[in-house]
Amino acid sequence: MTLSQVAYLIPLKPDLKEDNSSPRITLSEGQNTIGRLNVSTTDKRLSRKHITITTSTSGSASLSVEGTNPVVVRSSGERKKVNPRGEVSLVNDDLIELIPGHHFFKLVLLPRESERGSHERAAKKARKEGDGSDDVEAIRRFCPASEKLHSTFRLLSVDGLPDWANTSCVSINDVVEGDVVAAILSNYMVDLDWLLSACPKLVNIPQVMVIHGEGDARQEYIQRKKPANWILHKPRLPISFGTHHSKAIFLVYPRGVRVVVHTANLIHVDWNNKSQGLWMQDFPFKDDDDDKDSTKSCGFEDDLVDYLAVLKWPEFTASLPGLGNVKINAAFFRKFDYSNATVRLVASVPGYHTGSNMRKWGHMKLRTILQECVFDREFRRSPLVYQFSSLGSLDEKWLAEFGASLSSGITEDRTPLGHGDPLIIWPTVEDVRCSLEGYAAGNAIPSPLKNVEKPFLKKYWAKWKADHSARSRAMPHIKTFTRYSDQKLAWFLLTSSNLSKAAWGALQKNNSQLMIRSYELGVLFLPSPVKTQGCSFSCTDNNSSTKKVKQETKGEVEKRSKLVTMTWQGNRDSPEIISLPVPYQLPPKPYSSEDVPWSWDRGYSKKDVYGQVWPR
């Protein structure tokens, strides 16, 4: 971040939630002119030079109206009209209406130089003491530029937190938007009553397919209550004790497709009370020449279509402008250009996988991708983090097998990265008791005592500490796996997979077969050539470009992106820096002797924040 950049204007929707389809406006020290060219819709009431915001590195800001129409500023709950040639002081989190009732923006002031220097000194001291950089309220400053949005992921908004804690966070209505022609909702649990009330736009989509993992009784209820045009499908589970656990949304638009991979069940508490993650990217239809040439596919496309083909949903028809009636099946998804995909997909499907199929799924898929990647030398023998919300019945042999996959990769001199020691981030009993939901949060951390209290796991336990994302009390349903060095990340996986053999698979028959019980889906963030960043295509913005990223010079092609956490201290405006909102502290802090890992089948008599004991 350059020192001259001292604030952002964040575009908001009429309901005052962040509008992620519009870019943020960076404000530099001095005078900044905002007007007609800074909004996505044409409005003749806006002047080209509508307002001027003057900022300084001391943290002060003021607004003067240059246009012919008044502006409204909301500050501390009061709404003040500022007439032409009028001026008003601004403070952090003030809301600005460029036209009263229209074109909403929120002002976010970045830390003053003195605060920044003080924080950097504190961060350096913390790192020196081995405690890591926790950067309190770092999420307040997590404002990725529009061209980097698809290269990162977002946390879901959490009710009851201050506004700053939900900076750049999303809700389901930020995902399902615009003129959707067909939708596929993939999940484990589906609360239809909540879903239709929380996202009424779904009712107006012509064709909706719900792929779920619900039991028979719940499936019958959804069947009775669903809109007439909705189709339900529960994929086949050929091996006992498996589930359809993948969490994804696929939205087909007249201009392209939106692919969403996330970690929340389609239920109220998952989208409102817990720490969750979500990645999404829009992709255009292929050019006619590309569509005819099957060799134009890429890794993301092949992985996506291979996964969707296994689901075997009942084919349905949707009407697309310019294409007429088209069959929506797995092959349909080859019509889109995924060449600018910023992630790789890592999926699991149930079965006994042998031969080349063994490396297409589960932890062997992750191993295969990482083996082909080159990482910086600083990640040699660097540690791993396993963070999830349900623990399977594990043994040391399988943990070693799993760790071998996650330790794959080489450096530029072809040296293997080598084994990484893992830590398991898992909430303690006190974390759950004092959480936003109290003991009730433990329902979504469903691991029994027999799995949690295996003696060999003691050396792996680490705390869920998330002060910098304001989510220490929002219990994690997010699942992530990563390899890190300080605040830099070799790679990062956001996934539906918990730590279990059922989700990741277990090698059998002298490592010639991989047995997986469940369906899972995740997105893997990797260092990639910087030229792949910056795709501006949007399914919902008619002004977005569908052009491919231009070929760079040789030197620029070889420049690779670097993944960092929100608390990394450095120049985030550099094109190669991709900041990921890792919600928990790195390095993780190991359990103390007093910490007890949560297990949901044990009784707890100490009352929670609502005066309840467990079980109720």
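Keep in mind that glycine also has a Cβ here, set from the backbone N, Cα and C atoms.
Look at TrEMBL and you will find H245 tagged as active site, nucleophile.
Residues or ranges marked as active site, proton donor/acceptor by TrEMBL: H477. Long-range Cβ contacts of H477 (active site, proton donor/acceptor) within its own chain (separation 6+, distance under 8 Å): T263, A264, N265, D270, K274, S275, Q276, S389, A444.
What TrEMBL records for K247, K479 is substrate binding site. Cβ neighbour count for K247 (substrate binding site) (all protein chains, 10 Å cutoff from its Cβ): 26.
Per TrEMBL, site 'Interaction with DNA' is recorded for S500. When other Cβ atoms within 10 Å of the Cβ of S500 (site 'Interaction with DNA') are tallied across all protein chains shown, the result is 24.
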**Complete:** The number of other Cβ atoms within 10 Å of the Cβ of H245 (active site, nucleophile), counted over all protein chains shown, is 26
**Prompt:** What count of other C-beta atoms do you get within 10 angstroms of the C-beta of K479 (substrate binding site), across all chains shown?
**Reply:** 25
